[in-house]
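Pulled from TrEMBL, these are the features on record:
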- Lys80: active site, charge relay system (ACT_SITE)
- Ser155: active site, charge relay system (ACT_SITE)
- Ser179: active site, acyl-ester intermediate (ACT_SITE)
- 25-458: domain 'Amidase' (DOMAIN)
Amino acid sequence: MSDAFPKTIEKAHSALIKKEISCEELTRHYLDVISERDGRIHAFLEVFDDASIQHAKRVDEKIVRDGGLGMLEGIPIAVKDNILIEGTRTTAASRILANYSASYDAHVIRLLKSAGSIFLGKTNMDEFAMGSSCENSAFGPTRNPYDETRVPGGSSGGSTAAVAAGECLAALGSDTGGSIRQPAAFCGVVGLKPTYGAVSRSGLIAMASSLDQVGPIANTVGDTELLFYAIRGKDAQDSTSVETKKRKKTGGLVIGIPKEYFGGGIGSGERKVIEDALALISNSGVTMKNISLPHTDYALSCYYIIVPAEVSANLSRYDGIRYGFTKEAGTLFETYVQSRSYGLGSEARRRTMIGAYVLSSGYYDAYYLQAQKVRTLVRQDFEKAFEEVDVILSLTTPQVAFKIGEKTKDPLTMYLQDVYTCPVNLAGLPAMSVPCGFVDGLPVGLQIIGRSFDEETIFELGKKYEILRDG
Ligand code: GLN
């Protein structure tokens, strides 16, 4: 990316206001980077060239007409392909929705439309947001801009790769068990999973409804914060969404370091990077405290029962009759079977079957009910810890980005990607990944976990850390 172009929303906004660049130039720059790089990266499933340019021209006219401009007005962003934009294709990277055109805007899209953001296009992902590598997309994998033989992470890997490759200024993703934070860590960008209920899920294609959240991805904490405050808030279409106020923290920050997040499985380079990051933070005058989250070991198993259960319910609507793809056969039953066998990829089918099994009357108590009880214990661990500390720090993932194809044969090793991220979703908490160093040229992410609806403290520490890091 040329240095003449601003790399953050804040800088782009000020360049637009001062007329140092036009919105059309800014937008064309990103479209040019996309056409130059995306043939290899494959972050985008669809690019809205003409619509973006038309929108940019309208923004330029407005600048000439009345000078003023909203903070996100004319800012080119990318949108994960499980978030509906009316009148455009929304596939969730599934064959079963390959020709589905959204009939309404997601709530977050409505908010960003009224803020004047420009949507450059829709980004690749794991099918229905199930996966950690973008390899479960029906339309081919995305590549990591730092090393094209490696995955960008998932499921929002298209959005994080697009930001990292300089193909957009910021992006939207979704996070059910780590899908914003893990790919943000792998691609060296910032990604926030908001508190459950902070952002409306209306118009987000459902994966596991008790865990899904839409969230922002950007180059800096400041930009991530801007985008978060633009999309959060109560929406009548999602009864789990609530109005929140910025919290004001008084007194010094107390940071918790959970011993369960620093055990085995961490690469030696990654361990050095996180220890250096923690030392930097601890030398800056905050209080660090060792804490314990004793049920951490059970969180992953619990997550991989609750998620398939909810997936099996949510994906039952894709029956080949009501939406998208239909493979007609002799009988109604055969039509269902053939449409779903062809339309859904192997991970979607695996989770649907596991989900139906754990919800079946003979096994409901042993699996689903038990997992719900464990979920409560995981949440209570955090509640207890937050009586003593204001935020909790860990690595976002135990290791840096892996090779394309390395984990596709073994779903269990893929699921282990979520070991530090999925407990946060089970507890409904906010958490952000911030780049904190490199191992062999590949980015490492620092995870900052906060109290419910206290994104503010996460941003404050994140911004402080960026200054310390960039020294
Ligand atoms: N990797 C996790 C999974 O496959 C997370 C997915 C997500 O957050 N959408 O379930």
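Even glycines carry a Cβ here, placed using N, Cα and C.
Checking the active-site residues Lys80, Ser155, Ser179 against ligand 1 with a 6 Å cutoff on the Cβ atom leaves Ser155, Ser179, in sequence order. When secondary structure is read from DSSP and collapsed to three states, Lys80 (active site, charge relay system) falls in the strand class. In three-state terms derived from DSSP, Ser179 (active site, acyl-ester intermediate) belongs to neither a helical nor a strand segment and is classed as coil.
Distance between Cα atoms for Lys80 (active site, charge relay system) and Ser179 (active site, acyl-ester intermediate): 11 Å, as a whole number. Long-range neighbours of Ser155 (active site, charge relay system) (same chain, six or more residues apart, CB within less than 8 Å of its CB): Met125, Asp126, Ala129, Met130, Gly131, Ser132, Cys134, Asn136, Gly173, Ser174, Thr176, Ser179, Pro183. Summed and averaged per residue, pLDDT over the domain 'Amidase' (25-458) gives 96.
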